[in-house]
Amino acid sequence: MTQKINDLRDRMIVALDVPTIWDAYRIVSQLGDEASFYKIGYALAFAGGLQLTQQLVAEGKKVFLDLKLHDIGNTVTEGVASLSNLGVDLLTVHAYPQTMRGAVEGRGEAALKLLAVTALTSYDDGDLRDAGYGLAVRDLVRLRAEQARTTGIDGIVCSAAETEIVRDIVGNDMLIVTPGIRPAGSAVGDQKRTLTPGEAIRAGVDHLVIGRPIIRAADPRAAAASIMDEIAAAS
Ligand SMILES: O=c1ccn([C@@H]2O[C@H](COP(=O)(O)O)[C@@H](O)[C@H]2O)c(=O)[nH]1
């Protein structure tokens, strides 16, 4: 683990991948104090989720805005500058050098932490080949972590399976944030590079991003509590 995370609950970030803010409110209220950190991605951000961020922040929750920004540097700078007043804790951009530099410039002195997405956890080597890359996943993650380290980016998004590679490059001053987390026995879905919550914590991940295993569970609160138990036992 890197920077001290005071509240163990903050290690688990629940992905609110639901179509409406009413669905999101229902999950947040079901989870109650079992979850303290929420991620808002495409589904919700484009359906009123940016307003929801302010509500969550006002209620003392932490918010990760997973917009994975990627554009010419100037546009990224302006986009990040607009978002940096929302009071959210984390924001993603793709780990391209121009994009990362633009994001750091746009963030300026704001408290917002910027995360660079290296290689999506639903990708394997074949998917990268199909997308025109000549690198294996691990080599692309390594290259992008090296590039992120020198840009002023605060953390890396990768699979927990790459924690050792990334930690060797970025040291203890940058966050490692990992989607693709699956409790033993839960459906993998479209994720290809997965680890269990316990494995991820033992590997040295800072924050685990977990969506469907919680939000699609018959009892989301019980699912989150069980994952938190696994995180606590491995910490
Ligand atoms: O490489 C990445 C980057 C982001 N994500 C996001 O994390 C969650 C994972 O949800 P699950 O339901 O637990 O699979 C989702 O919002 C993705 O957009 C990722 O999976 N991989």
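Cβ coordinates come from backbone N, Cα and C, glycine included.
Here's what TrEMBL has on this protein:
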ACT_SITE  Asp66  active site, for OMPdecase activity
ACT_SITE  Lys68  active site, for OMPdecase activity
ACT_SITE  Lys68  active site, proton donor
ACT_SITE  Asp71  active site, for OMPdecase activity
BINDING   Asp17, Lys39, 66-75, Thr121, Arg182, Gln191, 211-212  substrate binding site
DOMAIN    11-227  domain 'Orotidine 5'-phosphate decarboxylase'
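Where TrEMBL records a feature, it is marked here on the structure.
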{"residue": "Asp17", "record": "substrate binding site", "contacts (Cβ under 8 Å, 6+ apart)": "Gly41, Ala43, Leu44, Gly211, Arg212, Ile215"}
{"residue": "Asp66", "record": "active site, for OMPdecase activity", "contacts (Cβ under 8 Å, 6+ apart)": "Ala15, Lys39, Ile40, Gly41, Tyr42, Leu91, Thr92, Val209"}
{"residue": "Leu67", "record": "substrate binding site", "contacts (Cβ under 8 Å, 6+ apart)": "Gly41, Tyr42, Ala45, Leu83, Leu91, Thr92"}
{"residue": "Lys68", "record": "active site, for OMPdecase activity", "contacts (Cβ under 8 Å, 6+ apart)": "Thr92, Val93, His94, Val117"}
{"residue": "His70", "record": "substrate binding site", "contacts (Cβ under 8 Å, 6+ apart)": "Val76, Val93, His94, Tyr96, Thr99"}
{"residue": "Asp71", "record": "active site, for OMPdecase activity", "contacts (Cβ under 8 Å, 6+ apart)": "Gly79, Thr99, Gly102"}
{"residue": "Gly73", "record": "substrate binding site", "contacts (Cβ under 8 Å, 6+ apart)": "Gln98, Thr99, Arg101, Gly102, Glu105"}
{"residue": "Thr121", "record": "substrate binding site", "contacts (Cβ under 8 Å, 6+ apart)": "Cys158, Ser159, Thr178, Pro179, Gly180, Gln191, Lys192, Arg193, Thr194"}
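Cβ neighbours within 10 Å of Gly211 (substrate binding site), excluding its own Cβ and spanning all shown chains: 20. Under the three-state DSSP scheme, Lys68 (active site, for OMPdecase activity) falls in the strand class.
A Cβ distance below 6 Å to any atom of ligand 1 is met by none of the recorded positions Lys68, His70, Asp71. Across the residues of the domain 'Orotidine 5'-phosphate decarboxylase' (11-227), the predicted structure has a mean pLDDT of 97.
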